[in-house]
Amino acid sequence: MKLFGTDGVRGKAGEKLTAFSAMKLGLAAGIYFRKQSKTNKILVGKDTRRSGYMIENALVSGLTAVGYNVIQIGPMPTPAIAYLTEDMRCDAGIMISASHNPFDDNGIKFFNRFGFKLDEEAEREIEAIYADEALLEASQKSGKEIGASKRIDDVVGRYIVHIKNSFPKELSLHGVRMVLDTANGAAYKVAPTIFSELGAEVFVINDAPNGHNINESCGATQPLMLSEEVKRVRADIGFALDGDADRLVVVDERGEVVDGDKLIGALAMHLKNSHTLEKPLAVATVMSNLALEEFLAKAKIKLLRAGVGDKYVLEMMQKEGANFGGEQSGHLIFSDFAKTGDGLVSALQTMAFVLRSGERASRALNIFDLYPQKLVNLPIKQKKELKEIEGFEALMSEIESQGFRQLIRYSGTENKLRILLEGKDGRALEKWMERCVEFFKATLGG
């Protein structure tokens, strides 16, 4: 039985992800982690979705049923769970969130005791336990062996101190006017506190979660409101987080969204110039623009490409000994400070780069030109093996023969096909994209 996608278990709350399935997943995960338990503690956090309460209670029931003691810390960013799991010496950390997805979706992400996301082997083992009804039944405890759960509200201070320590001590945000969009999500309290304590004048939008407005026309996936607010208050910069605050989108003082690849390039240069890039390497994904690779090559920084997903970026970083990587979507990993993408660390590193440059954000972050690139997320009715679709390989060969780069893949969390085309001729690119969309609508029921 396949439960895990590209980023944990995810689905419509109350449909694919029910109270019953969450309880079973708690049982299965508890059985898995107890085999290597050190402290018999598991940390659980969540974002601000209404369904988070249902899933949290069910998950905790499963974990305590197999003997685990559970620490519940309420709404906190995903990277906070990763950090606090290790800091509080827990066997594992669990985040209940569907990240940037709509409020009626939810998900469950697992972290090991070192704060890293589980590898695929661990996920497969949990899936096998989940499907073994006899093992689930036999592993449940009774009497004094049943685990306990407790809520702790004061751990937020640990995370705030940790994030503030990632900002260079010689720099200050005094005099910086910024707008912060917390997407009505997990960082709605912690993010404004961090920037204010570092001296910035902070204007906060979308910081009033009500259970169903998370990511709604706001945050990292829809930064229009942020752009308008930056212009309205004449801010120096704007930052948008997503629902669980592991992703960052930057808006300059003109209200323009900074391209994710340009941000990766700027931050790689920031680390190199401050002598904190461990190796002349940066990791991005197959989605990143070729212009980023060429820009970094001129600076003698080699760009490595991983599969799509911050988990795969981190795996390649660890394998190659790199301490910086990211996705153009805004997942940026500074492994000196975080075990996963952290929007708040990324925002502070961006501010450090801009401050040291002495330039306005629009000039500091716009340091190379991109090749025309177009991405379409096409809703589809079915997923077929791409190579088995009649005419697929012929179409891809034709595109590549005209000098365009293509990347076609299914979303790991939604019924969508992601179509990416890139090349130097923008007009021809549009025509090829139209042809691709028509082809996949006809073959996949878009």
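Using N, Cα and C of the backbone, Cβ positions are placed for all residues, glycine too.
Site annotation (Swiss-Prot, ligand Mg(2+)) includes ASP242, ASP244, ASP246; from SER99, SER362, SER397, SER401, the additional listed residue is SER99.
Under the DSSP three-state reduction, ASP246 (Mg(2+) binding site) is assigned to coil, being neither helix nor strand. Within the same chain, residues at least 6 positions away in sequence whose Cβ sits under 8 Å from that of SER99 (active site, phosphoserine intermediate) are ASP7, THR78, GLY107, ASP242, GLY243, ASP244, ASP246, ARG247. The number of other Cβ atoms within 10 Å of the Cβ belonging to ASP242 (Mg(2+) binding site), over all protein chains shown, comes to 34. In this view, ASP246 (Mg(2+) binding site) is surrounded by 34 other Cβ atoms within 10 Å of its Cβ, with every protein chain counted. Other residues of the chain with a Cβ within 8 Å of the Cβ centroid of SER99, ASP242, ASP244, ASP246, the Mg(2+) site, are ASP47, PRO77, THR78, SER97, HIS100, GLY185, ALA186, ALA220, LEU241, GLY243, ALA245, ARG247, GLY341, GLY343. Packing around ASP244 (Mg(2+) binding site) is summarised by its Cβ count: 35 other Cβ atoms lie within 10 angstroms of its Cβ, all protein chains included.
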